[in-house]
Amino acid sequence: MVSTSKIKSVDFYRKIPRDLTEASLSGAGLSIIAALSMIFLFGMELNNYLAVSTSTSVIVDRSADGDFLRLDFNISFPSLSCEFASVDVSDVLGTNRLNVTKTIRKFSIDSNMRPTGSEFHAGEVLSLINHGDETGEEIVEDSVPLTGRNFDTFTHQFPILVVNFYAPWCYWCNLLKPSWEKAAKQIKERYDPEMDGRVILAKVDCTQEGDLCRRNHIQGYPSIRIFRKGSDLKDDNAHHDHESYYGDRDTESLVKMVVSLVEPIHLEPHNLALEDKSDNSSRTLKKAPSTGGCRVEGYMRVKKVPGNLMVSARSGSHSFDSSQMNMSHVVNHLSFGRRIMPQKFSEFKRLSPYLGLSHDRLDGRSFINQRDLGPNVTIEHYLQIVKTEVVKSNGQALVEAYEYTAHSSVAHSYYLPVAKFHFELSPMQVLITENSKSFSHFITNVCAIIGGVFTVAGILDSILHHSMTLMKKIELGKNF
């Protein structure tokens, strides 16, 4: 049986009676410094243990979300009408989707980007069957040519004024011309302007009356506008826009359209109508809407290959003057991939505090052409997309996000100008992994801090004590 004395012999911490120890002022000072150092270093170690540390690596893209990528956008075009705004998508694999509408919404806006109503619905804009009468007869011009000087007079004089805004070089305008003039003749015979005075058909040459056409926000030719008592303002379910005709363009269809507009209007006695014409026009005159722009928003699924998102004016029955098109725009939002949920985004930022500075790089940026760049200006954006994946310490993928860099430029186009977003995905991805920390490592470091400081302080105290003792002995030797 092992005796108690033998067990005591392995004691590392043998006690010295307090009566045999001696306290000193220098030792007390070192003890205070050592205690403060222990507390400070322990706090630093605890902070380091609680802090999140990550490691970043670049690996080959291992996306698990398939071959398609979600693209969300919200872009405002102050000079492009929703009537003709078209969203197109193409890629290097041959995909070419024109005028995407299923997941796209359009809202008319004014020049200050303010919405002028609810969602824009174009209806059957581009589904014309007849573009005009096929005739070889000589065209007799019966429609009234309008200019900037007499336009307001005619719009106030007639309760219904149907105007064809055209350009002589336009193919569709030339197809419309015979049926338009024949319809004008039939309407003039049916509703005599002098005796009836309810309706008249007119035309405006936009190559000669550019200011007048711009004032009425004419962007495509031909544009058939309907003016009622001096204004073409249409108020439909809080949506304010220009009233236009989108139907067939043969003579019969045009006449039928005009008759449907005139029939609800009560025919006044001729003299009374002439007497009250100016008063009625002043009372019922409405300010023309400043609805010349469009906000296009929505999403689409694009393939993970280099591709293009383009917004331009497009129509199967209109022509456009490229020199008058202005593709200025404001990118309200543009992002790739699924949106990060708010509860995950806070964790996302916690693991990577610097991530997100380049997220949605184009958001809020304006690209305005003040006509100082000349005509036919295409605005291009080159986007390089990199996927970033954040993985927690337990191996769980927290979130997958797509960030991009953006470089923008302008180019003079030989064709119709567009707003073009070229996107290209990197074959590599950034992997951010949370580093796990061992609690045993933390305890080891704390013990090392306490023991190390205590030992170093003891060594310093011993050196200081022996130095002072030696100095006292030297002084005593000198006195003898």
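Glycine too: its Cβ is placed from the backbone N, Cα and C atoms.
Record source Swiss-Prot places C173 in a disulfide bond whose other cysteine, from C170, C206, is C170. The shortest Cα-Cα distance between N74 (N-linked glycosylation site) and any of the recorded positions C170, C173, R249, N376 is the one to N376.
Cβ atoms under 8 Å from those of the transmembrane segment (439-459) belong to residues 30-31, 33-34, 37-38, 41-42, 45-46, 49 of the same chain, restricted to positions at least 6 beyond its ends.
The two recorded residues, C170 (active site, nucleophile) and N99 (N-linked glycosylation site), show a Cα separation of 22 Å. Just so you know, the Cβ of N74 (N-linked glycosylation site) picks up 18 other Cβ atoms within 10 Å once every protein chain is counted. Of the recorded residues, N376 (N-linked glycosylation site) and C173 (active site, nucleophile) place their C-alpha atoms 22 Å from one another. C173 (active site, nucleophile) and N326 (N-linked glycosylation site) are 22 Å apart (CA-CA, integer value).
Look at C173 (active site, nucleophile): DSSP puts it in a helix.
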